[in-house]
Amino acid sequence: MEVFYYLVFGVLGLIVAGLELSKNNKDRINTSSAFNSFKNNYVLVYSLMMAGDWLQGPYVYYLYSTYGFGKGEIGQLFIAGFGSSMLFGTIVGSLADKQGRKRACVTYCITYILSCITKHSPQYKVLMVGRVLGGIATSLLFSAFESWLVAEHNKRGFEQQWLSVTFSKAVFFGNGLVAIIAGLFGNLLVHSFSLGPVAPFDAAACFLAIGMAVILSSWAENYGDPSESKDLLTQFRGAAVAIASDEKIALLGAIQSLFEGSMYTFVFLWTPALSPNDEEIPHGFIFATFMLASMLGSSLASRLLSRSSPKVESYMQIVFLVSAASLLLPILMTLFIAPSKVKGGGISFSGCFQLLGFCIFEACVGLFWPSIMKMRSQYIPEEARSTIMNFFRIPLNIFVCIVLYNVNAFPITVMFGMCSIFLFVASLLQRRLMMLVDKPKTNEWTQDKERNTEEDPLNI
């Protein structure tokens, strides 16, 4: 492995360590011992859930290929996963609001464990069922757990600002540290212990089972709208009305879909971007480097969210602009550096620059997760939280399915350019959201001024 990879990983590690160690009282929020216990319990569960997810990710394609399936068949399996998330996500989200978020979290564990079990079969139909189950589980992962947290946090009477502490820690550990460890552990099982590509899925099932035991033993149930008179169709209508009647919720949904759509597209593009001529690149180590960059972003987010200024609506504009610029690097490298025709070898000069740009993008991803969680907790109504959050994922899943279906139809530079445009649009929408949030204060100030002028016309 080239020194360059170690250098990037080491520099990122030092920055993350420096950020964490240099935090002062301004960067921390004073909380109670009861909240800390609650927060640690949630972060533990969230980390176990994410471990179950991260262990599977790097080996899904590899496992299907070892069973003898071609690129087209594997693409259909992936589309089935995103398609089921789109079709069933809103239904399971509504059931979570109505039947209970704790039950939904347990259902996530059971569904994903069953999906892991299907990976033992080389039968295409069985694997397709596993992908459908995995899509349903993904919808629950990104809605039920956050919905349970926000409702339980409010029910226990904790301060609203403390939510950002839980969000930041959950992303720092669950989407950062756990992802790195899961990648290395999966590599150990498959290559060092020679247990085969199905081993990470068995390990994932074990972590999910442990997390489910913690949920069953320590979590209380909470609901969105427990009214028995409301069926699923009524809940869908209520969620749709909430999105249509509140521009802030609609903007938040559009921003989330644009960013996550670009993020999932990046997952498919970074490998061919760094190895256009079949260069030998350490995929596992690069993945770990990306996750370290994501940890850097979540560490920055914890600092920003602990302060009253700048507001999350304000700094996220910059985050989206930076992420848009970082995904323009592959296009710029193609324009200004002649592509190499030599097959194999190590990473190219332009590949090194692109890797640095991709690390910046992953840092923006680390900033995005706790920040979008914070905004969702502020603007999405409690009674239909899971339903609305899964509504947001419908355009996302449609977009990813289209990208997967046409991944070979466009040059890679076109795909990166499209993602960059989406991120730039997200920045514009974020600015609009900030203006809406600040608008009431502006109106209130104007009304006060007019009132004072009427009382004292000379006081101008």
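The backbone N, Cα and C atoms fix where each Cβ goes, and this holds for glycine too.
Features as listed in TrEMBL:
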- 6-22: transmembrane segment (TRANSMEM)
- 43-62: transmembrane segment (TRANSMEM)
- 74-96: transmembrane segment (TRANSMEM)
- 170-189: transmembrane segment (TRANSMEM)
- 201-220: transmembrane segment (TRANSMEM)
- 285-306: transmembrane segment (TRANSMEM)
- 318-338: transmembrane segment (TRANSMEM)
- 344-369: transmembrane segment (TRANSMEM)
- 390-406: transmembrane segment (TRANSMEM)
- 412-429: transmembrane segment (TRANSMEM)
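Distant neighbours of the transmembrane segment (318-338): 255, 259, 262, 266, 273, 349-350, 353-354, 357-358, 360-361, 364-365, 367-368, 371, 412-413, 416-417, 419-421, 423-424, 426-427, 430; these residues of the same chain sit at least 6 beyond its ends, with a Cβ under 8 Å from one of its Cβ atoms. Taking pairs at least six residues apart, the transmembrane segment (170-189) and the transmembrane segment (74-96) share fewer than three Cβ pairs below 8 Å and do not count as touching. Long-range neighbours of the transmembrane segment (412-429) within the same chain, counting only residues 6 or more positions beyond its ends whose Cβ lies under 8 Å from a Cβ of the stretch, are 251, 254-255, 258-259, 261-262, 265-266, 269, 272-273, 276, 317, 320-321, 323-325, 327-328, 330-331, 334, 403.
When Cβ-Cβ distances below 8 Å are used as the criterion, the transmembrane segment (74-96) is approached by residues 60-61, 64-65, 103-104, 107, 127-128, 131-136, 138-140, 143-144, 147, 224, 232, 235-236, 239, 384, 386-391, 393-394, 397-398, 400-401, 404-405, 407 of the same chain, each at least six residues removed from its ends. When Cβ-Cβ distances below 8 Å are used as the criterion, the transmembrane segment (6-22) is approached by residues 285, 288-289, 292-293, 295-296, 299-300, 303, 355-356, 359 of the same chain, each at least six residues removed from its ends.
Within the chain carrying the transmembrane segment (390-406), a Cβ under 8 angstroms from the stretch's Cβ atoms is held by residues 75, 78-79, 82-83, 85-86, 89-90, 92-94, 139, 142-143, 239-240, 243, 252-254, 256-257, 260-261, 264-265, 268, 415, all 6 or more beyond its ends.
Within its own chain, the transmembrane segment (344-369) is flanked in space by residues 2, 4, 8, 12, 167, 171-172, 175-176, 259, 263, 266, 270, 273-275, 277-281, 286, 289-291, 293-301, 304, 316, 319-320, 322-323, 326-327, 329-330, 333-334, 337, which lie at least six positions past its ends and keep a Cβ under 8 Å from the stretch.
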